[in-house]
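As structure tokens, the structure follows; a few thoughts come after it.
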Amino acid sequence: MGSPKACMSTYLIAVLCLVTGARSAAAFNYADALDKAVLFFEAQRSGKLPPGQRVAWRADSALSDGNASNVDLVGGYYDAGDNVKFGLPMAFTVTMLSWSVVEFGGAMPPGQLANAEAAVRWGSDYLLKAATATPGALWVQVADPYQDHRCWERPEDMDTPRAAYKVTPQNPGSDVAGETAAALAAASLVFRARDPAYSSKLLRAARQVFDFADRYRGSYIDSLSSIVCPFYCSYSGYKDELLWAATWLHLASSPSPSSQSVYLTYINSNGHTLGGEQDAYTVSWDDKRAATKVLLSKLFLQNRVESLRTYKAHADKYICSLVPGAGGFQSQYTPGGLLFTERDSNMEYVTSTTFLLLTYAKYLSSTDGAASCGSTAVTPSTLVSLAKKQVDYILGANPAGMSYMVGFGARYPRRVHHRGASMPSVRDHPARIGCDEGFHYLHSSDPDRNVLVGAVVGGPDQSDSYSDSRDNYAQAEPSTYTNAPLVGALAFFAG
């Protein structure tokens, strides 16, 4: 990789060569990790599984979702280790998975790209249903999480209530609706060339959902607090999702990113009131402020949309906060070098941040630019190097010497906080395992009955310590929104 012949023309190769030129071989098989990261989404599928399903220990589940409300809400993803379908994190998953494919899909071999696109489509198909099933409403959740968490059941067995919940003009949810619009718009870009009819369908729905989110403003915490909190309370409000969605709609709607659109006009007119001038230093399923600034910086850097110049300055500020030694640095890293943001499920912040480091490096590189960090200019190669340290830590370059991706490497978590993985499959144990009977598996110290290949768990604490216990949900639970941005990062390094 470090030879002059290898380091020729493309951004992907050129910047990676700056980082890896001194090494004779890659530390990890990133292509294998990418395969596994995408495979994880098949283990999270809800509904009628397709003929090509590769995770054979899963079977059909939740085939009557929506029936009680006379709508079809079959499909989609279980976002983490339980059997609830939460609309906000599912939509964020689809947005970030789509962004991964849009930015770095060109680095994937055809088979890998097809699997990643299938993962996007499984989510976008469901979001289409949720957005179009009932005029003037958006379905945002299936199942009561309190009832679901009273049982430890395989998704194929579950008999807990599967009530469906929606936001309406009277009970709005601009946060979840805005994210759904962003997801549909981002997914439309994934399929624009390969399936233009489907892409157009996604974009039409995205526009309708965005109009709904913007016209009837309010947070779904207020509308559905009794069944959303404390599981997925949206503490950042809804304004960040509106600006985020408008950005994706501009990219998906315009003939070229530099052309004017109603959404670019919306961004220029409303950005300052929607948090566009607020600096944020994390990105997650809840808070899109930093991610939006990075995405809008693309339009300024690559397409010279001068009205968006201010977002580059804010994106720089976010990026500078992550780089040790740079002006404005304010992040915390573990002794082993892992970005540490939250005690619970810290890896979701690590993977999202890593993805943004790489995308921003790409945007800066396209103009031979750098991030302005006080008196320091931080180059794209510095960002790639920092991102690589995070990816390598996840894959095993850490004080514990273990991979935090299940099924990757010789040593990885064996007791994941995940119902289906912890219990014998329907194929191996056809008889139903009841609600209370399942808790035996939750509290057991036995390894998982099914290896949840590709799942990235919540990860170690601020001291690099990890407890491989199924009861330890803060560290041992995986999620789709942790894996989604990691797909893009792994595609970059695998490329």
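Heads up, the Cβ atoms here are built off N, Cα and C, so glycines get one too.
Features of the protein shown, as given by TrEMBL:
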ACT_SITE  H417  active site
ACT_SITE  D468  active site
ACT_SITE  E477  active site
DOMAIN    30-490  domain 'Glycoside hydrolase family 9'
SIGNAL    1-27  signal peptide
Specify the count of other C-beta atoms within 10 Å of the C-beta of E477 (active site). 21
Confidence summary (mean pLDDT) of the domain 'Glycoside hydrolase family 9' (30-490): 95
Other CB atoms within 10 A, centred on D468 (active site): 18
Would you count the other C-beta atoms found within 10 angstroms of the C-beta of H417 (active site) for me? 23
Tell me the Cα distance separating E477 (active site) from H417 (active site), rounded to the nearest angstrom. 5
Provide, as an integer number of angstrom, the distance between the C-alpha atoms of E477 (active site) and D468 (active site). 10
